């Protein structure tokens with residue numbers, strides 16, 4: 001089984017594991033939140049001593065232990081990408097089959113209903129993941145996707161399709177914030193950025209998967225139903241495999257279940273690293289009672305700064321125009337005689353390639369550097385597209401500037417502005433508010449996403465592509481200034497170190 005423990009631990013690790021199993025009975029007392037000062041000091045000394053074995057640094061934990069858990073979690077991101085793209089190639093045949101062909105408003109509803117469901121799903125994701133745990137939140141995220149996809153695949157009316165898309169959207173809104181939380185909380189510090197990029201790669205693969213599966217839809221009657229049925233398979237796999245994955249030790253300790261948190265750290269990091277991980281986690285959890293977090297606490301006071309940074313990053317990500325570029329790319333390519341299928345494939349692979357490069361650079365260059373480089377590159381890309389719309393460019397020159405600028409924009413977006421905000425938020429948000437604050441920030445993301453999609457075409461007709469692209473470029477410049485002034489580099493820092501650096505004392 002992929003998630004099974006190694007039955008033959010290395011020397012030293014086996015001894016530590018054996019001793020640890022004997023401590024599980026009283027671990028819940030040792031790691032109970034709000035311990036006495038003496039217990040805290042003893043615990044800190046214990047945590048620092050475990051980093052050395054026979055006078056030598058034990059180094060980083062193996063990345064292989066946590067990788068299977070991360071891969072299962074990223075299935076939710078794959079589903080997110082798949083359901084975003086599933087109607088791109090199939091919408092025309094769906095409208096003919098269900099009797100609303102030529103009704104642009106109804107076609108828009110098929111797309112936007114999903115976004116509405118995602119808004120509500122993301123809004124409640126924090127309360128779900130804090131109340132039920134990260135594992136159960138993933139399984140709950142899969143349920144509406146299974147139900148919604150089944151409804152969409154079997155419906156014979158527009159209303160059935162809309163209801164199915166609403167269910168799917170709810171799961172889409174719930175999945176990404178929980179995935180970001182889970183990846184940040186179960187990943188070893190030295191590779192957390194790389195693992196965080198896996199969610200973006202999974203989203204790209206989902207988009208490309210939907211594209212390729214949907215290609216026969218224009219030739220084969222009712223093929224669009226197959227496209228919805230296919231999505232049920234990864235949703236079922238997510239729900240079943242998550243049962244065998246580790247629960248977040250952060251969530252367990254927050255709920256006062258210290259012994260279980262220690263056991264999960266053993267699965268994720270190995271026995272040699274459990275004591276230091278628990279010591280560090282407990283230091284950040286001191287006095288952090290498991291009471292409910294009020295919405296007002298997120299909007300002002302000591303938590304305002306981190307919530308503001310997170311919400312602004314997501315807002316600037318959407319105001320950069322990335323989704324408008326995705327929506328409009330087919331039209332741009334078509335205007336130069338490039339088939340829509342080829343256009344979508346080019347954009348999809350540009351997105352995927354940038355995400356893979358980001359994965360390799362995330363823990364080398366850092367989050368802040370990638371964000372600055374990404375938004376700066378997007379400014380240059382928008383400048384190329386602005387030039388393409390001007391009178392100075394015509395014919396083949398306009399083609400190269402427009403198509404090249406668009407592909408460069410998608411590539412530079414996927415280097416940082418795409419994968420970093422979700423990862424960065426899960427790192428900078430304090431443990432007590434992490435899930436609920438992530439929900440608020442993701443809700444901002446979906447609201448801005450909705451209005452950009454709604455207003456893009458009307459604004460394009462009224463003010464023209466050049467002016468609209470200039471507005472997007474201005475937001476990218478603003479993003480560079482904001483990141484430079486407000487974002488803390490989190491590369492190589494534990495979640496507890498980041499929390500201490502960002503959060504003012506009470």
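For all residues, glycine too, the Cβ spot is worked out from N, Cα and C.
Just so you know, TrEMBL annotations never went through curation; they're auto-generated.
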- Query: In TrEMBL, which of the ranges 195-217, 264-286, 333-355 has the transmembrane segment annotation?
  - Reply: 195-217
- Which range of 463-483, 484-504 is transmembrane segment, per TrEMBL: 463-483
- Segment proximity, the transmembrane segment (463-483) to the transmembrane segment (369-388), 3 or more C-beta pairs under 8 Å: yes
- Item | Feature contact check the transmembrane segment (165-183) with the transmembrane segment (437-457), CB under 8 Å, 3 or more pairs | yes
- Note on the structure: The predicted model's mean pLDDT over the domain 'Major facilitator superfamily (MFS) profile' (69-491) is 85
- Message: Quick check for me: are there 3+ Cβ pairs below 8 Å between the transmembrane segment (400-425) and the transmembrane segment (223-245), leaving out pairs under 6 residues apart?
- Response: no
